[in-house]
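According to Swiss-Prot:
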type	residues	note
MOD_RES	Lys5	N6-acetyllysine
MOD_RES	Lys5	N6,N6,N6-trimethyllysine
MOD_RES	Lys10	N6,N6-dimethyllysine
MOD_RES	Ser11	ADP-ribosylserine
MOD_RES	Lys15	N6-(2-hydroxyisobutyryl)lysine
MOD_RES	Arg18	citrulline
MOD_RES	Lys19	N6-methyllysine
MOD_RES	Lys19	N6-butyryllysine
MOD_RES	Lys28	N6,N6,N6-trimethyllysine
MOD_RES	Ser29	ADP-ribosylserine
MOD_RES	Lys57	N6-methyllysine
MOD_RES	Lys80	N6-(2-hydroxyisobutyryl)lysine
Amino acid sequence: MARTKRTAYKSTGGKVPRKQLVIEAAGKSAPSTSGMTKPHRYRPGTVALREIRPYQKSTHFLIRKLPFQRLVREIAQDFKTDLKFQSAAIRTLQEASEAYLVVFLESKQHSNLARMYSQNKSFPWLEGKRRQPQPM
């Protein structure tokens, strides 16, 4: 037989399906699994943490610059009209507001995670209302 050249292909890394053993017809039957398998589910919170990680690594603003600038100008008009802002001032306001939001949401996240792990399905603002004495 003549030798021929073969091109190398990268392996896809997939597993080769195993051959099914032939079961003898002596009364033994294979368990029927009708192809129904459960979908893979991650533990609660795993997917949320995976979505958070890119935002933790990044250093850019999470709020878009122009909508934030419009909001700042709109709020400032309530106090005084015809105000002008330097771009550095708006950038500083945006950094401060995002830092505040991150701290605020982190504290809420920790309380929500603690509530999730304790399996307590109550809400703090409702508990405060329950503790108040009812007027007679």
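Just so you know, glycine gets a Cβ as well, placed from its N, Cα and C.
Distribution of Swiss-Prot features across the structure.
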| residue | record | Cβ within 10 Å |
| --- | --- | --- |
| Lys5 | N6-acetyllysine | 4 |
| Lys10 | N6,N6-dimethyllysine | 5 |
| Lys57 | N6-methyllysine | 7 |
| Lys80 | N6-(2-hydroxyisobutyryl)lysine | 7 |
### Query
Distance between Lys80 (N6-(2-hydroxyisobutyryl)lysine) and Lys5 (N6-acetyllysine) at the Cα atoms, whole Å?
81
### Euclidean distance between Cα atoms of Lys57 (N6-methyllysine) and Lys5 (N6-acetyllysine), Å
48
### Message
Give me the CA-CA distance between Lys57 (N6-methyllysine) and Lys10 (N6,N6-dimethyllysine), in Å, as a whole number.
### Response
33
